[in-house]
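**Student:** Annotations for this protein, taken from TrEMBL, read as follows:
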TRANSMEM  88-110  transmembrane segment
TRANSMEM  122-145  transmembrane segment
TRANSMEM  207-224  transmembrane segment
TRANSMEM  258-281  transmembrane segment
Amino acid sequence: MYKLIFETLHGRSMTSKLKISSHVKWFNFIGAEEEAMASDEQMSMGKFMSCLSSLHQNLRAAERKKKKAQEQQQQSDPCNRFTMNMYLFVYDLMQFCGHSWIFTNMIIRFMTFGKDSLADTFHSIGLVMRLCQLLSVLEILHILIGIDKSRLLPRFLQITERIIVLFVVINSQEEVQGKYVVCVLFFLWNLLDVVRYTYNMLARMGIYYLPLTWLNFSLCIPLYPLSVLAKGFAICVSLPYFESFGTYSIKLPFPFTFAIYFPYVLKMYLLVLFAGMCFIIQNLFSERMAHLGTGNIKNKRS
């Protein structure tokens, strides 16, 4: 009987040992699978990081290659670079002469005739002002073909704002041309342009006069919002005349059953004008930081 009990207990212990060993093997198998999955994840993450690193290196290599090619092209063709700089210098000189003539004329007329000169400002300088603004369209072409390194969108917005206000709003309504806001607007435009084209002419020759550089990139920050306010005021002043005369308002023929009421177009443009002002002011601040930083000032001084 004791022998039977001993064999029974011994059999149960062997069975429990077999169960324990099977559980141990199962846990070992699960642990091995988890380790394999972790190693696979590490390998995939390592491959992903290596791909990113190689992509970044390829991009940097492509940028260096492109920059080197541009430098070689500039060094191999100095005559072309000189021609482009000379052309841009002549363009800046023409704009400087036009805007400085307008600015000087306005000051002399105001000192001579006082407030009476404000009423006929457009009639005395309007032709030269229109020529200068039409000529400024070339600046967009300069950026597109790559001879000017300025940003396209801010310059495009500034030029189109002036052309729309000058040719569409002021030039089309004689009653608006005698308003004081036109004189204020022309004064702000020409003050900014005289400083800007003077700086550009000297920069074409490699001359960076620090007070002029500071003035060029600092004066535009307070004066540009003032010019936008003057543009908006000029548009608001012109709205009653567009409503009464129906200028640029079009009634579309059949089968179209609606009309384009131009005063509504101008009111919508006011929203675009002030939205663009925020973008351009941000760009002006970034340009000021880029040109008036400590390192850039030291380089220009040297």
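A Cβ is built for glycine as well, from the same backbone N, Cα and C atoms used for every other residue.
Automatic prediction, not curation, is the source of TrEMBL annotations.
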**Student:** Are there residues at least six beyond either end of the transmembrane segment (258-281) with Cβ under 8 Å to its Cβ atoms? List them, or say none.
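**Tutor:** Residues 153-154, 157-158, 161, 164, 169, 221, 224-225, 228, 231-232, 235-236, 238-239, 242-243, 246-252.
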**Student:** Six or more residues beyond either end and a Cβ under 8 Å away: which residues meet both conditions relative to the transmembrane segment (207-224)?
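**Tutor:** Sequence-distant neighbours of the transmembrane segment (207-224): 188, 191-192, 195-196, 198-199, 277, 280-281, 284-285, 287-288, 291-292, 297, 300-301.
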**Student:** Go through the chain and flag residues at least 6 beyond the ends of the transmembrane segment (88-110) whose CB is under 8 A from any CB in it; none is fine as an answer.
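**Tutor:** Distal contacts: 117-118, 121, 124-125, 128-129, 131-132, 135-136, 138, 142, 147-148, 183, 186-187, 189-191, 193-194, 197-198, 200-201, 204-205.
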**Student:** Near the transmembrane segment (122-145), which same-chain residues lie under 8 Å Cβ to Cβ, leaving out any that are not at least 6 residues past its ends?
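**Tutor:** Contacts with the transmembrane segment (122-145): 88, 91, 94-95, 98-99, 101-102, 105-106, 109, 151-152, 155-156, 159, 162-163, 166-167, 170-171, 177-178, 182, 186, 189, 193.
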